Each structure stands twice: as C-alpha cells, then as structure tokens.
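Copied over from Swiss-Prot:
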BINDING   Asp58, His60, Asp86  Mn(2+) 1 binding site
BINDING   Asp86, Asn118, His168, His242  Mn(2+) 2 binding site
ACT_SITE  His119  active site, proton donor
MOD_RES   Leu311  leucine methyl ester
Amino acid sequence: MCVIMGDFTDLDRQIEQLRRCELIKENEVKALCAKAREILVEESNVQSVDSPVTVCGDIHGQFYDLKELFRVGGEVPETNYLFMGDFVDRGFYSVETFLLLLALKVRYPDRITLIRGNHESRQITQVYGFFDECHRKYGSATVWRYCTEIFDYLSLSAIVDGKIFCVHGGLSPSIQTLDQIRTIDRKQEVPHDGPMCDLLWSDPEDTTGWGVSPRGAGYLFGSDVVAQFNAANDISMICRAHQLVMEGYKWHFNDTVLTVWSAPNYCYRCGNVAAILELDEHLQKEFIIFEAAPQETRGLPSKKPVADYFL
C-alpha cells in the first residue's frame, strides 16, 4: 500500500481509525513510516517552529488522555502543535498514540512537530512497555522495528520564533550553542552519554553548574548554566518535559526554564493534572490544565509490574 502525496484518502481513513483507538494493518504501518521518514529526514536538529503553537510534554501511551488534550487544545490542523517526546511506554496504548501522532505528521507536516524523548529508544522501549505492546497487538516485533527506525529520524529540539528553545530533557556540558546541536548526527539509537543523550535526559536542579544525574544518564544543570546558554543563543527561555510535575507545569530559575507535563494521572495512579502551553503570535503564554479522561477499560492487559523508575 502506498500513500501518494495529494491523495490522502487512505491516510484520512487510517487517522479516523486511529482516533477510535483501532489498529491499522502492519503493511499500512510500514507505508506510514516510510512516508514519515521522507518528511522527518528534511527537518533540522533544531527545528524552526512558528507561533502560534501549543507545546506539549510527555504522553506515554495514554491514548484517551491524548484525545482529551486535543479536545481542550483543539484538533490538528486547526491548532499547530509541538510535542516534546516520550510518546510511548508505561501507558496501555503506545502503539495507537504514536501511530496517530505520526499519521497526523504525515498528513499535516507543517501543523505538528514531533521531537525525540529519551523513551524514543530501542533499549528503553524494550523495558518499559512499547516492545511488549507491539508484540502483543501485532504478533511480532515488526511494527516495533518500523517505529523505532522512525525514532532515529525525529528532531532533537525545536525553536519557536527563534526565541523559545524546546527540548525533551535539557542542556549538556558539551553544548554551548544551538549551532553545535545542529551538527549532531541524530540518525542513531540514543547513545549512553554525550550531547545527544544529555539533551534527552538532563534535568534542571536548584544549584549552580553541573551535577551528576540520579537517572544514570544526562546531567543536572543549574541556573547559571541556563543564564549563559540563553544569553549566548539570544533566547528568552527553555521549555522542556521529562519530569512529572503534579500541577502540570513548573517554572524554574526565575521563569527561564519551564517544565510541561501532559500525561494526567500518570501511569493511571499518580493523581497529577496535566498541562499544555499555548503560545500566541506575540509569544504570550497561556496554560491549559486538564485532568485524565474517563478510561476505556475493555481490552486492557493485566498490569505487568515494571520497574518504578520515573522518567
């Protein structure tokens, strides 16, 4: 099956199917990923995004909460979206979640930007659920392989109107400028260390300088590091995801770093609310807070114990 640009009949049908949380066929996944690859390969490591845009944090396979996000924030293409990674793992519907976002990307490439999170990785998804889910729903690892190949093509960061730097995790001691990010060869599995790893794994910390991350990857970075980076790159703030915040969003370092978290009642048990950030054409900020959607419980697997390790 081949989706030809200009004829979106099949793709529109697949989007409708995925919106109902119904799987598409394996050969359709293959074709969708091939098309997505053509689009993503053209994007920069620091993808330029124009305002107005709505910025979203981690989703983690919580499909019905993604639908709630679209309900409160507007559907694609009416609303322009930027998702900061971690589409998969932990939730029950990583397959449907990622494929819906990918199908929307192929259908409306200029209205949705997807950047890579630390869970968009072969190694991590084999531990935290996506691999097992693909196997359970498709009977083999083939769909997982198609999707993880696409992970390698996802952009590492984005910049809104040249002013707001968006990245999944945070900063790296190896990176002082956006141009240094632009030179990274991103088309690979997330390395265990180095600048690409740091962008996806690091966290802000109320300290100065750099610290050892308890996650075992990336770094903790302090307010002075942020001040230096923002000044050197003439940006007003860093927007990132990666950390659960109970209120859905959290400011750090005098409003120079913002954490946005978009998975309500994370892991179906944390009791947190979620947030998305609306930026208007003047980069004025408005937060939309939302709660978990009523869950569709049919067909849920019995919860497999996974390591309690919060990413």
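Using the three backbone atoms N, Cα and C, a Cβ is placed for every residue, glycine included.
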Tell me the Cα distance separating Asp58 (Mn(2+) 1 binding site) from His119 (active site, proton donor), rounded to the nearest angstrom.
10
Sort Asp58 (Mn(2+) 1 binding site) into helix, strand or coil using the DSSP assignment.
strand
Residues with Cβ closer than 8 Å to the Cβ of His60 (Mn(2+) 1 binding site), same chain and 6+ apart in sequence?
Asp86, Phe87, Val88, Asp89, Arg90, Gly91, Ser94, His119, Ala263, Tyr266, Cys267
Between His242 (Mn(2+) 2 binding site) and Asp58 (Mn(2+) 1 binding site): CA-CA distance (Å):
7
What is the Cβ neighbour count of His242 (Mn(2+) 2 binding site) at a 10 Å cut-off, with all protein chains included?
28
